[in-house]
Every structure is written in structure tokens, then in C-alpha cells.
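TrEMBL lists V75, G76, K77, T78, A79, Y222, R234 with the feature ATP binding site. Positions annotated as domain 'AAA+ ATPase' by TrEMBL: 63-223. Taken from TrEMBL, the feature domain 'Cdc6 C-terminal' applies to 317-399.
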Amino acid sequence: MHKWGILTTSLVMTSAFDDLSESAIFAKRDALADEYIPSEIVGRDEKKEEYMNALLPVYKGESPDNIFLYGQNGVGKTAVTHWVLNQLEASEKLQTELAVLHINCEGVNTSYQLTIELANQLIPNSEDYLPSTGHPESKVYSVFFDQLDKIGGTALIVLDEIDHVANIDTFLYKATRAASYGDLTETKLGLIGISTDTAFGENLSSDVRSSLRERVIEFPPYDAGQLEEVLRQRVEIAFYDDIVTNAAITYAAALGSKNSGDARMVLDLIRIAGDYARERGKDYVTDDLVEEAMDEYEIERSMSVLADLPENIKIVVYALAVLEEREDDEVTSSILYDLYSDFAQIVGHDPVSERRARDYYGRLDELNIIESQVKHDSSGGQYKTHSLNHPTNEVLAALDETINTIGVDKSVQHLVR
């Protein structure tokens with residue numbers, strides 16, 4: 001007996017999946033995922049020591065310092081935070097009761113929403129959770145501090161991507177003044193902020209900076225040696241023995257060091273290369289597969305950037321995609337501007353000036369989304385041509401909302417998903 005969506009194994013003895021390659025590549029593919037935290041963090045010994053020293057007051061049962069971590073994406077801020085706090089909580093000699101609250105602030109728009117999220121983490125019964133709106137701010141903070149004070153000992157609140165929260169000053173001011181204002185009497189509170197914006201602290205109000213008095217830990221990009229260390233550790237967990245060649249690891253680490261020292265990037269590269277090996281029935285993950293993976297990664301990264309660009313710039317890219325499918329000849333700046341203007345008017349935008357449009361072309365060229373070339377005509381004059389740097393179907397997929405607004409041009413109908 002089976003219901004829709006549920007099929008017993010007795011009814012199906014074989015599956016189409018059984019015919020796929022049985023190449024033994026991955027032992028634990030999930031070890032290459034962003035959220036995977038290894039039992040030991042490599043390549044960041046100095047930062048681990050600096051972090052543990054900053055948390056020493058907590059270990060000793062003293063009032064915690066506020067700690068802020070800065071560094072670009074993929075440099076180990078969150079991973080080291082998880083590791084250090086796990087070590088702290090696991091210590092048998094820890095001289096305080098410790099509670100750790102962790103929240104990723106992406107999508108948390110205001111201090112009000114942040115406080116509700118934190119309060120609801122502390123409230124034991126879900127039926128008592130605060131709704132996302134409807135309470136006065138004073139009530140929300142009162143509930144939050146009441147719940148926090150019930151913990152006793154020390155509480156550390158980790159605010160990952162803290163720069164995403166608008167008017168964060170309000171929360172930081174109230175949290176750092178809670179003890180002196182009598183809102184917290186039983187619990188010592190420490191804040192750990194994580195941000196890619198190195199100017200975040202400078203943009204806080206003087207009152208907040210005065211009460212925060214944070215210790216700053218800066219995470220620089222990984223170098224090639226550190227990236228190789230990270231890769232070798234994860235490869236040992238994620239793949240079967242001797243599947244990934246030394247050349248593949250070294251090459252991936254070198255690519256990563258040339259591209260902002262991002263560990264997430266090199267882990268993605270080796271995962272994509274491993275997927276290629278498994279899908280094609282290969283015995284090894286080689287540097288050639290890593291090179292292919294880099295091509296795919298660059299497309300994905302560029303398309304992600306494109307999807308987040310302002311609408312006028314996306315209209316320019318859509319116009320270029322259409323022209324490349326329409327035109328046999330090269331796409332000049334004037335031809336591109338004319339179609340951009342038409343598309344902008346369709347959606348009710350005032351077209352930007354040609355000079356401003358040239359700025360857009362330059363920015364898109366810098367982002368590796370298009371390629372602009374200077375050429376010379378027969379009279380010795382100069383002009384620019386433009387072309388997409390990535391497959392048209394990938395570009396159109398990243399522009400789906402823009403295309404839905406303007407309409408699908410017949411020249412690209414066969415490419416729109």
C-alpha cells in the first residue's frame with residue numbers, strides 16, 4: 001500500500017538512480033558546506049588565541065568584554081566563533097553558568113525585530129512568543145531583559161552580520177547599559193558582533209561607542225598556505241582516500257588566494273570538481289576539474305552580483321543580451337543606449353544620460369559581466385563595443401524579474417527559462 005508521494009521499497013526493486021555512476025568519490029560531501037564546523041579550526045591559530053584571550057573574563061566568571069569581529073566573507077569569522085564558544089562551554093573549569101544566543105541578522109531589519117527574535121529564543125513556551133509587531137518598544141525590551149535575567153550567570157549574544165540591522169544603535173545602547181539601568185541584575189551580558197563592514201563601529205553614535213568599548217579582532221584574507229591547510233583538512237573528511245590529487249588542492253588554494261583569500265570559494269571549487277568527477281565516473285579529482293569548476297563558479301558569482309544590481313543597470317544588460325541575439329554586427333555604445341532607453345521607458349523609468357550609461361558599461365566591465373572594447377573606425381575615430389562575458393541563458397536567468405517587467409523579446413524567447 002502506498003499514498004501519493006510515498007512508495008514502499010517492496011514495489012520498486014531497481015531505480016533509474018541505480019544506473020548512475022557508482023564512482024566512489026565523496027565520503028562525506030556535507031563537510032564542504034558552509035555550515036559545517038570541523039572539530040578543529042586550521043589556518044587561524046593566531047585569531048583563535050586572540051579570541052580566547054578576549055573571552056578570558058567569561059572563563060574567569062568576570063564581566064564579559066564586548067567583542068567585534070571584522071573581515072570579508074569567507075575568512076573564518078563565524079567558524080572560529082563557533083569553535084571558540086564550543087571550547088568555552090565545554091570547559092570543566094568554566095567559572096560561570098553560560099548561555100550563548102546566536103542570531104544571523106540578515107533579514108532582521110530593525111533593532112525592534114532583533115530584540116523580538118532574541119526574546120523568543122529565551123521564552124520557553126512557544127505559545128508565549130512575542131508577535132513580530134504590535135507591542136510598544138518598551139514592552140519588547142522589558143520582556144527581553146526579564147527573560148535574560150532569569151538565566152543568571154553570563155549570557156553571550158552573537159550577532160552575525162550585525163551591519164544588516166538598521167538603527168542597531170538602539171539595541172546596542174540598551175544592551176550595554178542594561179546593568180547600570182537595573183534591567184539586568186542576575187545576568188552578565190556580553191555582545192559579539194560579526195561584520196564585513198570594517199567601518200561599522202565608526203558609524204555608531206558616540207554614546208553607543210562610549211558604552212560598547214568593544215575589543216576588535218580583525219580577520220585578514222587567508223593566504224595560499226592557509227587555504228591549502230583548510231582544504232586538506234576538509235578533503236580528508238569529505239572524500240575517500242587519495243581521490244583528490246595534490247595538484248588539485250594546490251591549484252584550488254592558489255585560485256582562492258588570488259580571489260580575496262576566501263575559504264568558502266575554495267571549498268566550493270573542490271566540491272564542484274568532486275561533483276564533476278562523480279557525474280562523469282572519474283576515479284580522481286584533478287586540477288583540470290578544478291579549472292572547470294572555477295569557470296562555473298565565476299558564472300555563478302557574476303550572476304549573483306548581477307541579480308543585486310540597480311534596476312537601470314539590469315535593463316542595460318538585458319538590452320545587450322537582446323542585441324547580441326538580434327544583431328549580426330557588433331553592439332556599439334550608441335546602439336546599446338538606444339535599446340536601453342526603449343526598455344527603460346516601457347517600465348516607466350526615465351533613461352539616464354548617455355554619459356551615465358557609459359559609467360554603467362564601465363562598472364559592468366569591472367564586474368566581469370560584460371566586456372567592453374575600444375575600436376577604431378576608418379577615419380581614425382574611436383568607439384566602444386560591448387558583449388556579454390557569460391552564456392546568454394545564464395544572464396537572462398539572473399534577470400528574470402526585469403524581463404517579467406519589460407516583457408520577453410522574441411529574439412531571446414528560446415533562451416528564457
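Quick reminder: no glycine exception, Cβ is built from N, Cα and C everywhere.
Looking at the residues that bind ATP per the record, V75, G76, K77, T78, A79, Y222, R234, the two CA atoms farthest apart are separated by 17 Å. With all protein chains in the displayed structure included, the most crowded Cβ environment within 10 Å among the binding-site residues V75, A79 is that of V75.
The 10 Å shell around the Cβ of K77 (ATP binding site) contains 23 further Cβ atoms across the protein chains shown. K77 (ATP binding site) carries a helical DSSP state (H, G or I).
Sequence-distant contacts (6 or more apart, same chain, Cβ under 8 Å) of T78 (ATP binding site) comprise D160, I194. Within the same chain, the residues at least 6 positions away from R234 (ATP binding site) whose Cβ sits under 8 Å from its Cβ are A31, L32, Y36, P38, L267, I270, listed in sequence order.
Within the same chain, the residues at least 6 positions away from G76 (ATP binding site) whose Cβ sits under 8 Å from its Cβ are I41, G43, R44, K47, F219, Y222, A263, listed in sequence order. Look at R234 (ATP binding site): DSSP puts it in a helix.
Across the domain 'Cdc6 C-terminal' (317-399), DSSP helix (H, G, I), strand (E, B) and coil residues number 44 helix, 16 strand, 23 coil.
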